[in-house]
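Peer 1: If you scroll down you'll find the structure; I have some questions about it.
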Amino acid sequence: MTTDTIVAQATAPGRGGVGIIRVSGPKANQVALEVTGKTLKPRYAEYLPFQAEDGTVLDQGIALYFPNPHSFTGEDVLELQGHGGPVVMDMLIKRILGIAGVRAARPGEFSERAFLNDKMDLTQAEAIADLIDASSEEAAKSALQSLQGQFSQRIQTLVESLIHLRIYVEAAIDFPEEEIDFLADGKVAGDLQAIIDNLDAVRKEANQGAIMREGMKVVIAGRPNAGKSSLLNALSGKESAIVTDIAGTTRDVLREHIHIDGMPLHIIDTAGLRDASDEVEKIGIERAWDEIAQADRVLFMVDGTTTDATDPKEIWPDFVDRLPESIGMTVIRNKADQTGEDMGICHVNDPTLIRLSAKTGAGVDALRNHLKECMGFSGNTEGGFMARRRHLDALERAAQHLQIGQEQLEGYMAGEILAEELRITQQHLNEITGEFSSDDLLGRIFSSFCIGK
């Protein structure tokens, strides 16, 4: 339990009908007594005047007192709900800060105290910020699932399985004279594979949750006049890019943030790729390649009136060779309205081929559906959860150590190495929920929160 008491405005700054001030810490009850002039009954709303030190009324509203541990932070908490004018809120906060032992809260400190007092784990605390920042209904639902503990429960299930497996492995190491060899009888190998499979499923859901939170970066690339800017306009639903018949019209990177059925996409239009003599166009082309290297997916635009080829290696082998293998690619044969080709997805092999007309919009819906599939969109976010980059990194490291442990078990029956890899895996999973976290990590996470949360 902390010894200091903190105060902050819990509602957004600015003018509003209602403004809420939150106080948390051992002095909360004293603050209530000094500001309202009476001892508040726990968990009852009382309509009272809020008084200055000399007894003059600063505002009037509802006061609520929650004694520990039955509060958001796990500490004594006071909430004053008054009028939402910035001057009124400022006067009340100054009044409370004048009481000995009370200080202004840091960003995210209320949520941090809730975490430190075991009222929630780290993923739930992060979900509060994600719920506030949600840019779509689907993102809000996913953040709420995390806040309610769904992500935490999946991680806890994995940790419990790891602990159970570690018992078997440690027993095989410590009692080699036993008749049953736990490492050789297939029990450990089977349980290990089950954990790997479950972790892969969690990683897949977490990837979709991260895309829901951060969005997928899609870069439109190709030669000049392939219709890249027209496709950007078609996807965004507005004239974001200038479209002309002059090659090299787009010389810089253009960005649009859109949602497809609640899934956020960062669509980036780039300069046409070619050997340019113009210095400004050269800079734009280099920037295009920089964006391509950082993309989650590349839409390779092809002018269908210039070639019948559909294989990108045949269309432009140098482009394919330069594209990083980790980046997914979709071939877009544009101007299908002029070539008479059937619109839509033609095959779903790697890479997927889509025929469309960026100018008329025909076939663009097929591309939208394809992009949703690339993001792992299932059409049902009720069971999903929100995830962050640090969660994905921790899950990736956990998977790597499980893989090492499996290789050591299968190749060498190396129980000691397997035991160590399982321990490290468990540590990485515990980082996600905060059971094992450095103070620096906690500071970075909570400092990104709103003040008053």
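Backbone N, Cα and C define each Cβ position, glycine as well.
Below, the features straight out of Swiss-Prot:
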BINDING   ARG22, GLU79, LYS119, LYS453  (6S)-5-formyl-5,6,7,8-tetrahydrofolate binding site
BINDING   225-230, 244-250, 269-272, 334-337  GTP binding site
BINDING   ASN225, THR244, ILE246, THR249  K(+) binding site
BINDING   SER229, THR250  Mg(2+) binding site
DOMAIN    215-376  domain 'TrmE-type G'
Peer 1: Please identify which of ARG22, LYS119, LYS228, LYS335 has the densest Cβ environment, defined as other Cβ atoms within 10 Å, among these binding-site residues.
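Peer 2: When each Cβ's neighbours within 10 Å are tallied, LYS228 leads.
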Peer 1: State the Cα to Cα distance, in Å, between ARG22 ((6S)-5-formyl-5,6,7,8-tetrahydrofolate binding site) and SER229 (Mg(2+) binding site), rounded to an integer.
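Peer 2: Their Cα atoms are separated by 49 Å.
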Peer 1: Do me a favour and check the Cα-Cα span between LYS228 (GTP binding site) and LYS119 ((6S)-5-formyl-5,6,7,8-tetrahydrofolate binding site); whole Å is fine.
Peer 2: 50
Peer 1: Given the binding-site residues GLU79, LYS119, ALA271, LYS335, state which is nearest to SER229 (Mg(2+) binding site) when distance is taken between Cα atoms.
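Peer 2: Result: the closest of the binding-site residues to SER229 (Mg(2+) binding site) is ALA271.
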Peer 1: For GLU79 ((6S)-5-formyl-5,6,7,8-tetrahydrofolate binding site) and ALA271 (GTP binding site), what Cα-Cα distance in Å is obtained after rounding to a whole number?
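Peer 2: Distance (Cα to Cα, whole Å): 54 Å.
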Peer 1: Which three-state DSSP class does LYS119 ((6S)-5-formyl-5,6,7,8-tetrahydrofolate binding site) fall into?
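Peer 2: Where LYS119 ((6S)-5-formyl-5,6,7,8-tetrahydrofolate binding site) sits, the three-state DSSP reduction gives coil.
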Peer 1: Using a 10 Å cut-off on CB atoms, tell me which of the binding-site residues ASN225, SER229 is the least crowded.
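Peer 2: Lowest Cβ count within 10 Å among the binding-site residues (ASN225, SER229) is ASN225.
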Peer 1: Would you mind pulling the DSSP three-state label for LYS228 (GTP binding site)?
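Peer 2: SS state of LYS228 (GTP binding site) = helix.
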